[in-house]
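Here is the structure we will look at, set down as structure tokens.
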Amino acid sequence: MTTTVSAPDVAPSDAEPSPPRKRRRRPSLPYLLLVPAIVLELAVHVLPMLTGVWMSLRELTQFQIRDWSSAPFVGLDNYRVTLDFNSAIGKELLHSFWVTIAYTVLVVGLAWVIGLAAAVVLQRPFRGRALLRTLFLTPYALPVYTAVITWSFLLQRDTGALNHVLVDQLGLVDDRPFWLIGGNSFWSLVLVSVWRCWPFAFLCLMAGLQSVPQDLYEAAYMDGAGFWRRLRAVTLPMLRPVNQVLLLVLFLWTFNDFNTPYVLFGKGAPDEADLISIHIYESSFVTWNFGLGSAMSVALLLFLSVVSGLYLFLTRKARSDA
Amino acid sequence: MRETAAERWSRRVILTLLSAFVLIPLYVMLTTALKPLRDVRDSFTWIPARPTFEAFVDMWSTVPLGRYLVNSLIVSTAAAVLSVAIAILAAYATSRWRFRGRSVFLASALSTQMFPGILFLLPLFLIYVNIGNATGIELYASRTGLVITYLTFSLPFSIWMLVGYFDAIPRELDEAAAVDGAGPMRILFRVLLPTAVPGILAVTVYAFMTAWGEVLFASVMTDENTRTVAVGLSGYSTQYDVYWNQIMAASLVVSVPVVAAFLFLQKYFVAGLTAGAVK
């Protein structure tokens, strides 16, 4: 799981301290220090991405894979097949795109709301606060597969805890529902994902809240502002820089999530929970059509770039307008 | 500022619900690991009727868990240490010099975070296979290949966190050392590194967690000999039976050290996030 929260200031706000004289004589040193990082990023991120674009323009199935550099050039054919939403392949891709959008919106929204509630509620000191804070971070620290496997056990039809409570203990449902196949699987996926994600929102929002000056609350309180008013007028505006980055990061993670569905459902996610990364994985490694898989990947990347770019543009604009 | 009764009660309700939400899966993980298989097979019970450590014994032979653990440990440790070492150099440059391309570097390192892993998987797979065919250097299905891949996953975030920690160290310290005749690398090792130790530890644990929890690449880029725990756990489900008690026991063994390390260092993590996010 990779995370980013926010940029440290790119330009220092105070006047630039003049660098010690020694450094001025070696302007090449900072570049030298960056070389290992840049080489690795190029090798593992940029080069494969370019290769991916190249692959998306070839006919690359299991027959060409041994000698993939000579795979026939097909131009934009893969894209045409992938993005033709009347064909079976395009229809399935579009379906999993919408599933992913719904999944992302729900997970990000819920994780953010729960994380905010927890951060706000833990703002005031009380006995046991440190313990709860630690407890709440545990789902984030757990390796994803152990967390998700445990959930898949809870959600088993015959031996799981959820059906035990719903059917045996509360008697709310007669038939034991399936949670990992069929329509319920989407909601199971959302539930598990929220469980894993909200602590990260909590962590960031808690960090953000630490910088809100207490006098702001005191002043609002003196002015007679109640809890909701203080939340709206003090907390949320102060959290805006954190929220802008946090929401983007949560969106990208959730949208690209592969681990949760892969571990929860094993090979072959149910249709109702067929997230786009699983879909691409299956199109590539199960049906061995790498050319089509690459075209889907590139299309996905373009979509994410446009969304992120637009988001950054709008939030930056909102910030400079404010 | 007084807390109203309504606020106090909503706080209690929210905290109780959230604690239950977090704790139930953890509780089930623990108690299932303590049940014999036949108790897990029938129906769910909240309290183990016959608590036993049998799952913790059997899990080592059902699946070569020991080998998977060693693989995970080697790969994650190497990836964490290398990624933090490389990030330290890059963060030092970014924190202490204003050079041309500085913000481009930071922005592009971060933007790699936005790509889905699946995008790199196919090409990297082919590149590794090809390098192997051309040079005989085995990257596909080798620990080296995984280490290289994983260290770049945590690299951008490590750089950003470390820039935050380094920025928080006053430049006067550098300058004092420079006046004493210390060169840039000496300043890094004598001034910045000792001061940023908690932050560096927090970032190392983060990088370790990234590698320890990775599933996608581990499932494609490993073979029987190099398989990591992330994939190995699926070995407990066979077509005849699912050894849930052993899965949970193994999950505990795999999770407890990482979770403990993270929770121990979490306040430095929060400090790093604050340094980066709020300025």
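Including glycine, each Cβ sits where the backbone N, Cα and C put it.
Residues or ranges marked as domain 'ABC transmembrane type-1' by TrEMBL: B:69-265.
For B:12-34 (among others), the entry in TrEMBL reads transmembrane segment.
According to TrEMBL, the feature transmembrane segment maps to B:68-92 (among others). Same-chain residues lying 6+ beyond the ends of the transmembrane segment (B:68-92) with a Cβ under 8 Å from its Cβ atoms: 105, 109, 143, 146-147, 150-152, 154-155, 158-159, 162-163, 165-166, 188, 192-193, 200, 203-205, 207-208, 210-212, 222, 226-232, 253-254.
Marked as transmembrane segment by TrEMBL: B:104-127 (among others).
A Cβ distance under 8 Å defines the sequence-distant neighbours of the transmembrane segment (B:147-166), meaning residues of its chain 6+ beyond its ends; these are 75-76, 78-80, 82-84, 86-88, 90-92, 94-96, 106, 109-110, 112-113, 120, 124, 139, 192, 196, 199-200, 202-203, 206-207, 210-211, 214, 217, 221, 272-273, 275-276. Under the heading transmembrane segment, TrEMBL lists B:147-166 (among others).
Remote same-chain residues near the transmembrane segment (B:187-209) are listed as 76-77, 79-81, 83-84, 87-88, 92, 151, 154, 157-158, 161-162, 164-166, 169, 173-174, 177-178, 258, 261-262, 265, 268-269, 271-272 (criterion: CB distance under 8 Å, separation of at least six residues from the stretch ends). If you look up TrEMBL, you'll see B:187-209 (among others) marked as transmembrane segment.
Under the heading transmembrane segment, TrEMBL lists B:243-265 (among others). Within the same chain, residues 28-30, 32-37, 40, 54-56, 58-59, 62-63, 65, 69, 72, 198, 201-202, 205-206, 208-209, 212, 229, 233, 236-237 sit at least 6 positions outside the transmembrane segment (B:243-265) and bring their C-beta atoms closer than 8 Å to a C-beta of that stretch.
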